[in-house]
Amino acid sequence: MTPSTEALPTAVKAQVLAEALPWLKQLHGKIVVIKYGGNAMTDDTLRRAFAADMAFLRNCGIHPVVVHGGGPQITAMLRRLGIPGDFKGGFRVTTPEVLDVARMVLFGQVGRELVNLINAHGPYAVGITGEDAQLFTAVRRSVTVDGVTTDIGLVGDVERVNAAAVLDLIAARRIPVVSTLAPDAEGVVHNINADTAAAALAEALGAEKLLMLTDVEGLYTSWPNRDSLVSEIDTATLSQLLPTLEAGMIPKVEACLRAVSAGVPSAHVIDGRVEHCVLVELFTDAGTGTKVVSS
């Protein structure tokens, strides 16, 4: 028990634990897809807390599926190797050389580190990529920059999901840790935005929830007015709000809209800078961050 919990009165501890019961019952046996990113995957304390949360969910009979990116780590490795990097329209221009680095970093570094952190709690996590068992099929995408359609190289969207491999891991009570690399129909591998991939996977798995870890407290209807933080919003309202959001938040909101519109009961934008934010969101009445529901 940490010093922070030791300082709490016994009655408060009891109330928190009792409050979790209906949520534990509701989520038992259900799939929860978590997009892991931001400070939660670069700060050592937060990384360990996230891994513990995944083990906690698994031991409560809930099925977590983790989808991760690795933008900062890819940038650092490109710099270390002396490979120039460029961004257009908010996306990394991905040459074959850059893709080789992305594959090495996403699956060989970021994914491995998270798998090992989770497995410190037991033999739970298994790392896979969208290349494994045809999990994802990619389709190449472009971006619009100043009104001009612009090629950004080997960057894709998810065209199809074959969830069989992930479902097999879930049936074996493993925790899938998914790196978002995927081949197109011709076998050419692309890097896929992790927010997009998480939403597509949540839809294909029939997940109960999609959680998006960010570096903000949730969704603000009028940023930077911190009083505009909303605890719940429906898809119709959020769709209207989308054009006004900060650029970095748009892919996350689009992912939430896609998942909920496809039948996932709720998507949640939560603050990954808070230790055990996943547990707070799932097992307390007030939760944390912003919950997105169908209109």
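Each residue, glycine too, has its Cβ placed from N, Cα and C.
Owing to the predicted nature of the structure, the values given are computational and were not obtained by experimental measurement.
Record check, Swiss-Prot: substrate site residues include Gly70, Gly71, Arg92, and the candidate from Asn191, Asn225 also listed there is Asn191. Across the structure, Lys35 (site 'Transition state stabilizer') and Lys252 (site 'Transition state stabilizer') are spaced 9 Å apart at their Cα atoms. Asn191 (substrate binding site) falls within a strand when secondary structure is assigned with DSSP.
Between the C-alpha atoms of Asn191 (substrate binding site) and Lys252 (site 'Transition state stabilizer'), the distance comes to 17 Å. Annotation for Lys252 (site 'Transition state stabilizer'): same-chain Cβ neighbours under 8 Å, separated by at least 6 residues, are Lys35, Asp195, Met212, Thr214, Val269.
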